[in-house]
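To start, the structure itself, in structure tokens.
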Amino acid sequence: MAEISKDQVKHVANLARLAVTEEEAEKLTEELGSIIKFAEQLNELDTENVKPTTHVLDLKNVLRKDEPKEWLTQEEALKNAPDKKDGQFRVPSILE
Amino acid sequence: MSLFDYSIKELQEKIHNKEIKVQELVDASYQRIKEVDGQVKAFLTLNEEEARQQAAKLDEREATADEVLFGLPAGIKDNIVTNGLRTTCASQFLDNFTDPLYDATVMKKLDDAKSITIGKLNMDEFAMGSSNENSSYEATRNPWNTDHVPGGSSGGSAAAVASGQVLYALGSDTGGSIRQPAAFCGVVGLKPTYGRVSRFGLVAFASSLDQIGPLTRTVEDNARVLEVISGHDPMDSTSANVDVPKYTDALTGDVKGLKIAVPKEYLGEGVTEEVRDSILQALKKYEELGAEWEEVSLPHSKYAVATYYLLASSEASANLARFDGVRYGVRAEEAESMMDMFKLSRSQGFGEEVKRRIMLGTFALSSGYYDAYYKKAQKVRTLIKQDFDQVLEKYDVIMGPTTPTPAFKVGEKIADPLTMYANDILTIPVNLAGVPGISIPCGFSTEGLPIGLQIIGKHFDEGMVYRAAHAFEQATDYHKEKPALGGVQA
């Protein structure tokens, strides 16, 4: 399997919504490279016919009734917001 | 009055008989924090005013039958959401999160049992780390020797209990984060079966691995706290609808005929001689008590660390997407567009290790790499789980060290992520298999640092784990040792 390149690191950072400087990208390329190399050892195992585990308990379709309940008020929901206006979260412009 | 003096059961009797007031207990807790926490640095936020008011109220009345932790001082890991009490996950991203709007289910349960929250405990940021050095605040130190780490990520929880600042603490364990610090600090720490305790209100790191559990000075205290916090919760669809037994009933002291499996992989490479000797001594003690042990193999153990870091990081990258600087937390002020605001807030808010794991996880889940990394790791997880299933079919418990070495020095491993990750090699497989595991004190290194014995059981068989742990504890004196902090020698 391929090593990770600096361009890939920048691409992944964008997917993860992280801003990285050139310097950070270089460091991450090296660090992620060695972690990924370490993870390659899993390829020693033949897992062709092994089922993946997502959860250890065999839970299926845990459903509940869809009924309205008391939860947070608008005021409460906005309480910890860094910026708000007229009962809503305020964010910078979304238009370029 | 010192919190070292009594067990939960003894304190409940003394409060009932009016020999000790709840206010004295709470006072003893804050007094001890004042004495030693300047060195230990276990607490991030104190709840003093509220705690003292609660204590005064409780002193006006008797405990009801259900209030089994009546007036007892507890510390809570700072990734467990506490209504109205600052919850930071030891991240500067949540530095201003002073007014959480609800209680985690475990907090409701502790509150119903009338436990008193003394404060919130330090940890590695978002529970990612094995030394507490990833805290955005000052790292917690090991009470046995403050040049050493307390372990992590629940390092504050283990250190606070070990230094007598609280009677018990809650921690969370994703790859060893309760058991490893418990071993390093010489206390009892249990990671319950996946699904035993509700995760509602635990700030999610890796949802298929995370469990909340108790850290205490004795096995009996641990069982008492688990009885309170366990059980099905409609708010956590992965919590199991399985009855909660009375774990204290399992503490018979009798382990005659107990079948113990000792994986050869757990005493192999990387495990220091001192640690190995302590474990062999412990096994000898079990023999004297009438138990039998045999060497077994968990052949996929060596793949656990790589499997864990792929899966846990992948889940973390998804879970931590919610931190965007919009609804709570610290927002980067200088951003002019929405996208920049996300990116700058996240880059400034998260610490280095958290960002590294988000990056690894995002990579492992990204288009073109998903099958090779994430799905591959999920398949290896199945093999690791099968190892445990097979051994636990024939044996009651599995035993081995909790950690390959005693607590390492501050700064010793922080520079290289892979060296740090390797420290968790004996605890990680337990989370991958979803089974319960405990760490109890079983010796000291020549440097005077605690060594932990890990006992692993079948799904939902915490009772057997506690029984085995309790019998050893009753037959030994390691749990009675106390660190010499603040001039109080045992």
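A Cβ is built for glycine as well, from the same backbone N, Cα and C atoms used for every other residue.
Note: TrEMBL annotation is automatic and uncurated.
The DSSP secondary structure for B:Lys77 (active site, charge relay system) is strand. The Cβ of B:Lys77 (active site, charge relay system) lies under 8 Å from the Cβ of B:Lys120, B:Leu121, B:Met123, B:Ser154, B:Gly156, B:Ser157, B:Ala169, B:Leu170, B:Gly171, B:Ser172, each of these being in the same chain and 6 or more residues away along the sequence. What TrEMBL records for B:Lys77 (among others) is active site, charge relay system.
Here TrEMBL flags B:Ser153 (among others) as active site, charge relay system. Less than 8 angstroms from the CB of B:Ser153 (active site, charge relay system) sit B:Met123, B:Asp124, B:Ala127, B:Met128, B:Gly129, B:Ser130, B:Asn132, B:Asn134, B:Gly171, B:Ser172, B:Thr174, B:Ser177, B:Pro181, each of them six or more residues away in the same chain.
What TrEMBL lists as active site, acyl-ester intermediate is B:Ser177.
This prediction places the mean pLDDT of the coiled coil (B:8-61) at 97. Positions annotated as coiled coil by TrEMBL: B:8-61.
What TrEMBL records for B:24-465 is domain 'Amidase'.
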- Message: Just to be sure I understand the packing, how many Cβ atoms besides its own are within 10 Å of the Cβ of B:Ser177 (active site, acyl-ester intermediate)?
- Response: 36
